[in-house]
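Worksheet: one structure, shown below.
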């Protein structure tokens with residue numbers, strides 16, 4: 001103890017004669033991370049947190065991006081339960097998957113997106129890797145572009161786009177640009193603006209497209225509009241990067257929802273594609289997705305696959321196994337696949353029905369506004385056209401929670417609360 005006391009005294013004396021030593025000691029005592037600032041809260045998670053604190057029995061959370069049944073409860077698809085039971089009965093091991101994921105899952109995902117009779121699938125001029133849901137697919141795709149797309153660093157996003165698109169591409173080293181997409185005056189697709197902007201994008205740039213059920217607007221191009229977009233993309237030699245998070249969940253028909261992707265490929269446009277099974281199989285927490293690159297030939301596909309594996313290895317080595325087994329079991333079992341397609345249609349139909357009921361109830365309330373855009377839009381989300389101050393009133397006066405831009409998750413609307421929602425919207429818009 002005496003020696004320790006002497007050391008402290010000597011240290012104090014040294015500090016008195018050498019101020020630099022005192023500063024160094026102070027620096028050592030402070031945290032390495034004192035300079036780290038508090039980051040902004042996630043806007044959607046913030047909505048959910050505020051909702052949870054609300055004690056109003058009529059409160060509604062229309063911010064969450066997950067399907068709910070007509071009782072407002074999370075829904076596990078019966079086909080998923082059956083697939084899990086089949087997997088459990090096999091007593092399979094939990095060994096690592098290959099870097100690219102479960103092979104049969106990757107093949108089935110490509111066939112689901114491109115069509116079982118697709119020339120691309122038959123010729124093998126594609127590569128599909130399993131990813132950590134749609135977000136992981138986007139990040140792998142963005143990193144692949146950053147490393148190998150030598151023509152441009154610019155990625156053109158529709159305005160608006162899913163909020164996570166920007167940080168995903170930005171953090172991968174790409175630069176973000178935008179093109180017109182949503183028309184706030186009509187609450188619909190700004191086809192003229194989009195086509196004009198896309199036609200001016202520098203050649204050999206990356207164009208991000210939502211394959212169906214555009215998030216956050218719910219506004220999709222019609223097939224004839226997709227055809228014109230594809231013509232411009234081909235003429236301008238743009239690289240089409242498709243995000244397809246809602247196949248089957250938009251219209252209830254998986255082939256219809258994948259129409260744009262397949263049309264582009266038929267026109268000789270070699271796209272890349274991100275898929276997610278969060279929404280259409282309800283596998284939110286399993287993180288099941290896929291990333292596909294369409295190539296010139298099978299040889300090129302093998303080279304691309306090798307580089308995708310090199311990208312994946314230092315990120316997460318290999319993807320999780322359970323969710324991929326569930327999806328693969330459903331997609332490759334004729335009976336389960338048929339059941340799943342019916343369940344997906346049931347979810348899509350419920351959302352479409354809620355859109356119709358909301359408009360009907362708004363009319364019953366006596367609203368004189370046009371709400372046709374609610375039924376014209378498609379998928380889980382709806383851009384209501386509500387202004388920020390109206391959204392604020394909905395929250396304060398009616399305990400109805402949504403993002404400030406007026407986007408609602410129609411999956412959070414039920415036959416039990418649609419009347420209340422219509423009444424509240426009418427009160428803040430009349």
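Each residue, glycine too, has its Cβ placed from N, Cα and C.
Positions annotated as transit peptide by Swiss-Prot, on the basis of experimental evidence: 1-29.
The feature substrate binding site is assigned by Swiss-Prot to 65, 162, 215, 407, with similarity to another entry given as support. The secondary structure of residue 407 (substrate binding site), as reduced to three states from DSSP, is extended strand.
Counting only same-chain residues six or more apart in sequence, none has a Cβ lying under 8 angstroms from the Cβ of residue 73 (N6-acetyllysine). In the three-state DSSP reading, residue 73 (N6-acetyllysine) counts as coil. Per Swiss-Prot, the feature N6-acetyllysine maps to 73 (among others); the stated evidence is similarity to another entry.
The N6-succinyllysine feature in Swiss-Prot is assigned to 90 (among others). Shown in sequence order, the list is empty: the chain has no residue 6+ apart in sequence with a C-beta less than 8 angstroms from the C-beta of residue 90 (N6-succinyllysine).
Annotation source Swiss-Prot lists N6-succinyllysine at 122 (among others). According to DSSP, residue 122 (N6-succinyllysine) is assigned to a helical segment. The Cβ of residue 122 (N6-succinyllysine) has no same-chain neighbour under 8 Å that is 6 or more residues away in sequence.
The N6-succinyllysine annotation in Swiss-Prot covers 159 (among others) and rests on similarity to another entry. DSSP classifies residue 159 (N6-succinyllysine) as strand under the three-state reduction. Counting only same-chain residues six or more apart in sequence, the Cβ atoms lying under 8 angstroms from the Cβ of residue 159 (N6-succinyllysine) belong to 178, 179, 180, 181, 182.
Summarising the annotation, Swiss-Prot assigns N6-acetyllysine to 159 (among others) and lists similarity to another entry as the type of evidence.
Taken from Swiss-Prot, the feature N6-succinyllysine covers 185 (among others), and the record attributes it to similarity to another entry. According to DSSP, residue 185 (N6-succinyllysine) is assigned to coil rather than to any helix or strand. The number of other CB atoms found within 10 A of the CB of residue 185 (N6-succinyllysine), across every protein chain shown, is 8.
Around the Cβ of residue 227 (N6-succinyllysine), the number of neighbouring Cβ atoms within 10 Å comes to 14. Residue 227 (N6-succinyllysine) falls within a helical segment according to DSSP. Look at Swiss-Prot and you will find 227 (among others) tagged as N6-succinyllysine.
Note on residue 279 (N6-(pyridoxal phosphate)lysine): other Cβ atoms within 10 Å of its Cβ, all shown chains, come to 26. If you look up Swiss-Prot, you'll see 279 marked as N6-(pyridoxal phosphate)lysine.
In the three-state DSSP reading, residue 302 (N6-acetyllysine) counts as helix. Remark: residue 302 (N6-acetyllysine) has 127 as non-local neighbours, by Cβ distance under 8 Å and separation of at least 6 in sequence. The N6-acetyllysine feature in Swiss-Prot is assigned to 302 (among others).
Using a 10 Å radius centred on the Cβ of residue 338 (N6-acetyllysine) and all shown protein chains, the other Cβ atoms total 12. If you look up Swiss-Prot, you'll see 338 (among others) marked as N6-acetyllysine, on the strength of similarity to another entry.
In the three-state DSSP reading, residue 345 (N6-acetyllysine) counts as helix. Contacts of residue 345 (N6-acetyllysine) defined by a Cβ separation under 8 A and a same-chain sequence distance of 6+ are given as 248, 252, 253, in order along the sequence. As annotated by Swiss-Prot, N6-acetyllysine applies to 345 (among others), with the evidence given as similarity to another entry.
Sequence annotations record features per position, and here Swiss-Prot assigns N6-succinyllysine to 396 (among others) based on similarity to another entry. Residue 396 (N6-succinyllysine): 10 other CB atoms within 10 A of its CB, across all protein chains. Secondary structure at residue 396 (N6-succinyllysine), as computed by DSSP, is helix.
Among the binding-site residues listed (65, 215, 407), 65 has its Cα nearest to the Cα of residue 279 (N6-(pyridoxal phosphate)lysine).
Between the CA atoms of residue 215 (substrate binding site) and residue 227 (N6-succinyllysine) there is a gap of 21 Å, rounded to the nearest whole number.
Compute the center of the Cβ atoms of 65, 162, 215, 407, which mark the site for substrate; besides them, the chain residues with Cβ within 8 Å of that center are 163, 216, 380, 381, 409. Residue 227 (N6-succinyllysine) sits 23 Å from residue 162 (substrate binding site), taking the Cα positions as reference. Sequence-distant neighbours of residue 65 (substrate binding site) (same chain, 6+ residues apart, CB-CB distance under 8 A): 44, 215, 380, 381, 409.
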